[in-house]
């Protein structure tokens, strides 16, 4: 009878495999921490206050903050008042990036938010629930001598969330409000070199447009994008890891099909996990360098969601198959109570993502965070997802505890056996428990990864050595999942070593040392490992 590699491989070889995987894991963290730059960067130009002296304010004219064709501008709104320039004649113009730089497809995405510098005035202060109306036009070009081409334009409304840190008195006039950033737009690709933003704040007493929003002094157009250097490291990791997982997946399934029995559920879900890992690994992002694929962000979210749904389901099934008796296991329908909520949650997150990035494919200015209802729904989704993730981890810990207790109980009910065979089973169970602990560690590191990347984006400095934390977590966790899936398919593949069932229980004829191989007394249960068959043995047998 053939067992799995995790059981038939000698301790020495198994330790060598473990050390190799550990070194690769450390290398994955070091690649992000020492080689890759931080994942994102930003530019924060202050928009130039251009003056549109035309009567009808035709939208066909683009206002440039600098360079050839630079607009006529003012420094302050007091200057506009003295020059009898109306608020509707002011156009905030910002060029992305700054002069002498270019945007690149390696930046992958572009998130634009606005930061308003608003001063307090007694006769013009920000009222509660104030809204700011923005007439936004965005253009692009790939050469400084080219004409600007319109990319998108829209009339948008955003809520002002500002707090004055001092009392509203005459003495405090001119003090700055503390305002939240205003989401403006998001592009799923950066296919052009230069971008131009023209933003108007149309004022209308009749329509109550941009009334009671304070005295706006400056407008910052903050553009956030992925670092080109990090993108190159990320693409290189994907390109290297993809063939590794594909090769081990094909090798694993070939060994499964060579067995005389049919694959059991556990072997099928391990293969499905490898397939989902391959799906997220395939570096289709290389095409985004040459093509304007704005849907890549949405496609990346979908791939990641499929992988995590498969991973969460695998852990449930992996534990469950080592808890149930043979009459209950090997049926996916048994796990509908556990896998069903995972599938439902994944569908909800998919719908939420479609409501955000799906709509942005048609309207890049759309954001679910721009309205009170949308922001509350989005925040509720995030909170519920965080709570569910914590509950899932606790439930997984409980299932692992149940597995350990079940195997220990079944082990004590086995017939009397020789010392060598008893040590053999103890070694197999220890290896299995160690793998389960590694699984819990992977799950815990994932939780830590999400929390830390949401809280801070910083770096540690050790003397002259700078370690990028976020980059290290991104590459380290990504490498960890690949190594984990690789290890599962390698260790749970059927071993090429076969043994006859006629071996006696007293261990006669067995070689000594690390290469000792023993067979199971449970020959009527099919499964990938002896621990699997042991867990399915009836208690009364």
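The first residue you see is number 1, and the count goes up from there.
Every residue gets a Cβ built from N, Cα and C, even glycine.
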Feature transmembrane segment in TrEMBL, mapped to one of the ranges 403-427, 428-452: 428-452
Annotated stretch (transmembrane segment, per TrEMBL) among the listed ranges 472-493, 494-515, 516-537: 472-493
Intrachain neighbours beyond the transmembrane segment (232-253), with Cβ under 8 angstroms and 6 or more residues off its ends: 28, 31-32, 35-36, 106, 270-271, 274-275, 277-278, 281-283, 285-286, 471, 474-475, 478-479, 482, 485-486, 489-490, 492-493
Selected stretch (most C-beta pairs under 8 A with the transmembrane segment (428-452)) from 265-282, 302-320, 472-493: 472-493
Long-range environment of the transmembrane segment (265-282) - Cβ separation under 8 angstroms, sequence gap at least 6: 238, 241-242, 245-246, 248-249, 252-253, 256, 303-304, 306-307, 310-311, 313-314, 317-318, 321, 329-332, 481-482, 485, 488-489, 492, 527-528, 532
